[in-house]
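Feature annotation from Swiss-Prot assigns N6-(pyridoxal phosphate)lysine to Lys99. According to Swiss-Prot, the substrate binding site annotation covers Phe279, Asp280, Val281, Gly282, Gly283, Gly284, Leu285, Gly286, Val287, Asp288, Tyr289, on the basis of sequence analysis.
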Amino acid sequence: MPILTIREVCNINHWGIGYYDVDDSGEIIVRPNPSQHNQTVSLQKLTEAVQQKHQARLPVLFCFPQILEHRLRDINRAFQTAREECGYKGGYCLVYPIKVNQHRRVIESLMSSGQPHGLEAGSKAELMAVLAHAGNRQTLIVCNGYKDREYIRFALMGEKLGHQVYLVIEKLSEIQMVLEEAEKLGIKPRLGVRARLASQGSGKWQSSGGEKSKFGLSASQVLQLVDILKQKNRLDCLQLLHFHLGSQLGNIRDVATGVHESARFYVELHKLGVNIRCFDVGGGLGVDYEGNRTQSDCSVNYSLNEYAATVVWGISQACLEHGLPHPTIITESGRGITAHHAVLVANVIGVERYKPRRLDAPSPEAPRVLHSMWETWTDISASREKRSLRSWIHEGQFDLADVHNQYNVGLLSLAQRAWAEQLYLNICHEVGELFNEKHRSHRTIIDELQERFADKLYVNFSLFQSLPDAWGIDQLFPVCPITGLNEPIARRAVLLDITCDSDGTIDHYIDGDGIAGTMPMPDYPEEEPPLLGFFMVGAYQEILGNMHNLFGDTATADVVVGEDGQFTVIDYDEGNTVADMLEYVYQDPKELMKRYREQIEHSDLPASQAMSFLKELEAGLNGYTYLEDE
């Protein structure tokens, strides 16, 4: 069996969808426009340049606004094509829900892209940001989430300022407040209703859709809303139908089922005299984190064009069957817009690697269990073709358990325990070389042994801050070295962050057509491990990241790549300092410095050392929260 390269098993050709690739030297390159082959930059060279020019300290989050612009263009183009092929006469509006990533640079990049799109807010604070960024051009704004009177007034102000603002009714109690505040401002509100469907997508976010969803109105509540609006002579205000199946839908059949059910709501509302003009299918457009085109939780079994065609066709068929007008289709595809635009580059600060050690045979007077382990070890080379490979490992496991028991009651010394543990590793390593991946029965134990002997890479980042979904919901993200991808697989590794938490590990890695518990790696010097890239982290991760162990935001570089491959860092942020993080938890850095000074003054340190300590402590407060080289 030929040895595969890192490039072949990390699936970059699939999850990268043209934005990320590998050049002839084996370095990962970024291509903001997949059709412009010369518009590329090496991630390794970019990192080195930012370190040199901006004195950047790793980890650094690289963001590519051109990818955001291209994603807008691609999604708009897919729906334009689908509408043309279906003869669909209604419009289309791609809406960006800012909860996916509320950072100013993201919203401003989208607003300046020249691509048509709207904005969505799910809270009062988000609406304040949306109204500001909408600017002087008429912008379609969807207002979701639970609302108080202030939220409602802000939305109505947006309508008065010339925007097309839809207040989506999430619960019946909101409608009275909306009508009252609209009357005070002398404005006719644009209303939407979120229908709670029976249909539900599968996956990690399935609870956000379906009958048990946190949001939306049931069928009977929708009828009550219609009755209330009729009584108030405001039925014409209800113009938008909204539903949400769940985020990151992996199966295109779930999309088709949800669109079909919601189209029935559209038909029935028209029968009740409600002139629905906008059909908001919500989120759900998934991205393929795994790169294997399946319907798993972290993949999708459809393309962008298939998604658009499924949505447009489902709505158009209902309109055709019942002779209804084609509404404007709205999608809230935040993950599809932002996921690819950001990649975190981090350095490895330490490597723990298994190294076989030559051991001497136990002394004649050593306990019997040690001799039993030694017999297993010597038996491997003498009879490897005559016995089950598993039996050697099982014998070693039984003996090692006995060693631990005897050690705990004082029958074995620490040196004897250490000898036994090392010999057991030698046994497993030697037997592991004899297993064959082609044998289905061997695969489970091969995986177990790979995890046991994988290099442990201690990476200078916080999983909780930079990849919170990997910790919280077991989300898989593409991760691989950013150099050496044309080299054969020579090692396996597991990644551990620098927090003081045993949950700070990455447990799942892309491995060709499947998912493994270890990451394929090229051979590399233990003292010079490659930099690692964590890809597709542009959706939710920056916003959900938490301050575990007071690790803060990483440095961020916004990069624009020219057609000749030259790049410009248009914005650079150094990330949080230690003082920043302490202030978040109400620790005043000035007060801390005062207390340091008091302790030093009461010490017997020489004056020169006391002054040096104070300077170092002050520099520490102003330093990066992540580990720094001297």
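In case you wondered, yes, glycine gets a Cβ from its N, Cα and C as well.
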Could you check what DSSP calls Leu285 (substrate binding site) once collapsed to helix, strand or coil?
strand
I'd like to know which of these binding-site residues, Val281, Leu285, Val287, is least surrounded, judged by other CB atoms within 10 A.
Val287
Mind telling me which of the binding-site residues Phe279, Tyr289 has the densest Cβ neighbourhood, counting other Cβ atoms within 10 Å?
Phe279
Tell me, how many other CB atoms lie within 10 A of the CB of Lys99 (N6-(pyridoxal phosphate)lysine), whichever protein chain they belong to?
20
Nearest of the binding-site residues to Lys99 (N6-(pyridoxal phosphate)lysine) by CA-CA distance, picking from Val281, Gly283, Val287, Tyr289?
Gly283
Using a 10 Å cut-off, grab the number of neighbouring Cβ atoms around the Cβ of Gly283 (substrate binding site), all chains included.
26
